[in-house]
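The structure appears below as structure tokens.
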Amino acid sequence: MAAAARGVMVYKIYRALTRGLSPVLQLHLRWRVFRGREHPARWHERIGRPSLPRPLGPLVWFHAVSLGEGMAAIPVVKQCAHRRLGLNILMTTTTMSAFKVLENDLPGGVLHQFCPVDTPAAIDAFLCYWRPSAVILMESELWPNLIMISSTKGIPLTLSNARMSVKSFRFWSGLALPLISLMLSKFALIVPLSTTQGIRFQLLQAPPLIVNFAGDLKYVVEHDMSKRNIASTKDLKEQLSDRHVWMAASIHRGEEQGVFQLHWLLAWSVYASLMLAVHRSLVQRYPDLVTIIVPRHLQLAHHIVEELQKEGLHVALRSRKQKITARGMVYVVDTLGELRRLYSLTPIAVIGGSFCPGFTGHNISEAAAAGCAVLTGHFSLSLSPCPSCYI
């Protein structure tokens, strides 16, 4: 009882802070619109103002923050639509990249909105308008106002493909433990993507009876490709057919210098020249080598190309449909929603987000499912005891 009371107290503090910061968050959203990070015509959805009419009948709300989580939700969305005719399904995402891909991949009839920010007013307005019969959150979307207000309104909550990174686990295990314990107690079902993840949720005091295992949904994602995408992937496969290939995927800012930089510009970064050293060594042994670079954020792509060209390297950019012609070439992928398919074209994938301090790596499941030999950096390896934790 004392722990629950502390959790309620911490939540009241959080609620008061987010209520007070609402005007600042609205200004921040407008700034993100200016920078191209929010949809210019639909940013008001982020403060709980809908842009679509609510259909009659029961409605289930799925929320996925970004593209990977959204793709993992699609098999569940399809099953819900198939098993319950007449069920309305609302999918929300946070990032523009997820919206750009999922708007074409979502089943017909599924509504899309951008998720409201976690302020009491925005969440309450969203829930009052859409009146969901159930809320299904994907992976690690643990927002206090969303969870607590949904629970107050009697809406069942599920955390699907649930995961908790080492960094997040350490945060919640500290002073925030009463709050996360209170939040997890409001769920009707938590479905972790691995046993390790399930243990972490139980250590954070999730009720044991609500934790049920079903495996990682990213292994069962169906990738419906258009004829155009099939032709594009087939063409790239033919270009790579007689070459040695490796891929550096989900590269973050700072790590791209590790891929390309020919000089030690950042003396403090132990990993600044790691991937380039591998590239240069492999080119000496395999002159026909192609290195595929997939930046985590597309806005990095042109910066990467410029840096490569300054160093005299041959570069092809996927969005421009440039061909792989030269030996020892670098192929930069600046398109959305193709990473899963590209993994099938390379035997080795280096997963980024693990070569600079502050990152703990990304999920390796897609690369592993494609049959790639997966490599990660020091920060991922040092923090995670098993592959299922490289997220």
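Cβ coordinates are placed from backbone N, Cα and C, and glycine is handled just like the others.
Heads up, TrEMBL stuff is auto-annotated, nobody curated it.
According to TrEMBL, the domain '3-deoxy-D-manno-octulosonic-acid transferase N-terminal' annotation covers 42-219.
Counting only same-chain residues at least 6 apart in sequence, those with a Cβ under 8 Å from the Cβ of Glu69 (active site, proton acceptor) are Ala98, Met138, Glu139, Glu141, Asn161. Residues annotated as active site, proton acceptor in TrEMBL: Glu69.
The site 'Transition state stabilizer' annotation in TrEMBL covers Glu139 (among others).
Look at TrEMBL and you will find 171-193 tagged as transmembrane segment.
Sequence annotations record features per position, and here TrEMBL assigns site 'Transition state stabilizer' to Lys218 (among others).
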(message) Below 8 angstroms Cβ to Cβ, which residues of this chain, lying six or more residues outside the transmembrane segment (171-193), approach it?
(response) 3-4, 6-11, 14, 139, 142, 144, 147-148, 150-151, 156-164, 200-201, 203-207, 210-218, 388
(message) Looking only at the domain '3-deoxy-D-manno-octulosonic-acid transferase N-terminal' (42-219), what is the model's average confidence as pLDDT?
(response) 93
(request) For Lys218 (site 'Transition state stabilizer'), just count the other CB atoms lying within 10 A of its CB, please. (result) 21
